[in-house]
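Participant: Would you mind keeping the following structure in view while I ask a few things?
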């Protein structure tokens, strides 16, 4: 259970008090919690604080008060920690490698410390872990933790606030019994992931288990909760589905945008605390603005003290050179600039779903390891058949089987058609669990590397029954590509890894389903398919327009798709560079947008193009976004793509800054003045500045005990002795130890307990500090080579330029696709003057940096993704992005995959043991990139990028490189019809082929050959697929526990065409158990009855007695000869009309059969029936019939069938379809 734990035993300490103060600013949440725990044990123990995080939350402050000690954390370069850069081996007392202690400090209390806590790639994202050192008996521990989060939205557009479970744990009536049961269940579920939990075996397995246990407390605790709401617009209402709440307006509130929420009654401790906020304009784009901590003049002074600026200006002192340096430093100076946050939740809930227009790329990833043999594979086959038949003609699809290796049905996703569907059904019928162990990482990498299809969101369906030994890598891979890939996972059986199945869905905003023994897969598969087929706004991008005098860094860097209830979030860091531009043009604009992921791989953050005259004054003060209502799509589409493109081409000197991946850049609108904080607030300190003196209110320490080097803070003009002494979390927000703070020593004296080389202070907050000339940043060194040669100084600005620049006007354009229709929304905003308002409300605002935290987190994620993508292309080329992520992390005190939290005992001026280790850290890969690049170059083939997967991706015991296993027909076509590039690298590999050799050109060639192959084999595949599902044993004999004869609907579903129709033939009669004669006699179409009366073998109408016996088989309606009808009524009708009527009647009868004979399994075939009905609605019914007539005739058929089954005398001649 998360919270404060005994490091050795894993036991949780009871919570005695929880005080939560929070603020919602638009769609962002800033939260500060004060958690007090009591040590009721008589023995001291090592404390470990574990705090779970969701995908949109980051920790921005942490402090723990333990008696006379204060513990905080500091962000350090993970590579230096893991490489031994901070190794204290030279310290007189022995210690564990990687832990930093002050020289001469005894570490006797840690001599019996168990092994370190191991965090894999996934756990380090979703867990905050801090070592608190020794906690004395009967001692209270107060923990202050601050987080910033992006809030989720509901389909209605409401904003949801859910208090973390650690801050408000439940109190069960029988806590001991309940907790023990929960732990046992969690361990039993995921024994392959987590292992057994025994005292002294504290490791990553236990931490993973913690995530599956319910957070509870053995007793009631003191609970206080306060939430300030600063809405993006007027609030339509605030409610709580869990508690009665009280709403009060702050004394300084100017409108209904701001309100304060508290609990009206005492907390009941039996449920979480949830608040729903309803904006008055929930489906319009909203832009919110948060100012930086420096004015324009202050930033200019700060900039002149930076080493990269000094070096750059020596080479060329022109004004353009200065703006270039500012642009390249934007990620380091995020706290100093204004941040804009764009939020947009389109109204997809009110859209009437149209299944036939459902777009998407459906990829089915099926576990074919040996453990899937037997009943599990039979279940998967039936579920896959239903899933394939449920897809719509507008989509793309592919099937991939994986085990130790993997194979794909198609070289790339194919259009859903009769040909591809027939081949897929045939492949499913022959599928076996014969591919060895379980290795899901390699096929996932192959899927993610495939090009994204415009207008088709990638929807990945994963079916597995096992576990892998690299769950963290798998989840991190999917997390990094969640913008393009959404995962719906299915876990079969008791041995499946729950963390893997749930994690795949959680990190990609999909859904997870776990099947118990004997449970059917079809209803859960259809449930997920319905979610995937919901209305979607795909290819969502944001384009920003700013004046020429600004430099902007936008995030994220990838286009995304929005399903009902999801929102678009984007950030922009805006620097006003008007002081550094000579002769600026007021009508000149810059347009910031993004590239698609398959386009340029060059640096996009700093590449730009000019933009000509753009915004007019009248467009800069309004939000012109329209609600996203598909019924009013024409009104919502403010500007089509074509018109926008033509307009752009006519403008001169456009400037466009790109971000490497296809990203949505978002911008916020100016935030109106909100109510001040309801509680007294301390002086405002920037995020990265330590506020250790505030802790004197919780301890008996005086200022002398804080022996910390706070020179950077002193240089910024702040008096550390003047902070007001306030109590409670509402009085201040804890922060992390700033990068410039080191243990107190005489100036100039170095301590060995900290690093042998002092940490670089290139990004310290002191405007006058210069960066050291040694150890220049690798990022700055690399980019400096791209600078222009020295030239004469031209930075003299116009003397008449005003000292205070004019407000910055901007515009954001949100674009997306829905049903192949381009839609666009526009919102304008005004930034105002840069920097805080001195002496104003912002100085006392505790929540004035929430957007900065989230923007820095988004920028770091962008750099991490860019580094990963560049690393796949060429090892070593991603170094610049890794260093940029590292710089941003340390400058903004936001964690990244290249940095780590290091605990610091402030009162003793020393580091505590880090406790945490990262076995698969990306930082280690940074250190070994050169050696790894040589290894990859040796194993790469012809395309300039690695063609196989490394051994670390393989299943346990498999040390070979992974390859794409291409088996016999139908996938054997790859060996027969390969492109030249494929033959070159696959000829010597036999049945196995290289993983990544399907380049874009070779894929197009294979697809052409593949399509020809399908056309030649269409009839054979259709017949084989139908016979396979008709001839296989009944599933009822395997799984059915009841005598319901409606169970076997699979044979009928297997006959459905890709369009949704059914053919009237013998296979259809066999699947429905209805003789052809009865189908034709009861058909409302004349051609069907005439075909019976005109056959040479029959000369009279069959009697009721004949109908009760098995009639002879007849050819299908769509294939019987028309020659006997030449003399009849339909003799002149073309064959196409006869085939069409056969499809109409068979489809109506098929729907009626499902409803009549398999109603109890409606949740399994509902999409199949919906597709068939959708096809019917689009057809014209001949002979003057209507669809109502067809459905009535089908219902009458089953009335007659019931009479025939009961052997009742019934005169067929009394039935006339014309009277129905």
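Each residue, glycine too, has its Cβ placed from N, Cα and C.
This is the feature table in Swiss-Prot:
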COMPBIAS  796-807  compositional bias 'Low complexity'
COMPBIAS  1093-1111  compositional bias 'Polar residues'
DOMAIN    19-149  domain 'VIT'
CARBOHYD  140  N-linked glycosylation site
CARBOHYD  650  N-linked glycosylation site
CARBOHYD  1017  N-linked glycosylation site
MOD_RES   881  phosphotyrosine
REGION    715-807  region 'Disordered'
REGION    937-962  region 'Disordered'
REGION    976-995  region 'Disordered'
REGION    1093-1115  region 'Disordered'
SIGNAL    1-18  signal peptide
Participant: Would you mind reading off the Cα separation of residue 881 (phosphotyrosine) from residue 140 (N-linked glycosylation site), to the nearest angstrom?
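Facilitator: Approximately 44 Å lies between the Cα of residue 881 (phosphotyrosine) and that of residue 140 (N-linked glycosylation site).
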Participant: Give me the count of other Cβ atoms within 10 A of the Cβ belonging to residue 140 (N-linked glycosylation site).
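Facilitator: I count 15 other Cβ atoms within 10 Å of it.
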Participant: Using DSSP with the three-state reduction, classify residue 140 (N-linked glycosylation site) as helix, strand or coil.
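Facilitator: Looking at the DSSP assignment, residue 140 (N-linked glycosylation site) belongs to a strand.
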Participant: For the domain 'VIT' (19-149), provide the mean pLDDT of the predicted model.
Facilitator: 78
Participant: Please classify the secondary structure at the residue listed as 'phosphotyrosine' using three-state DSSP.
Facilitator: helix
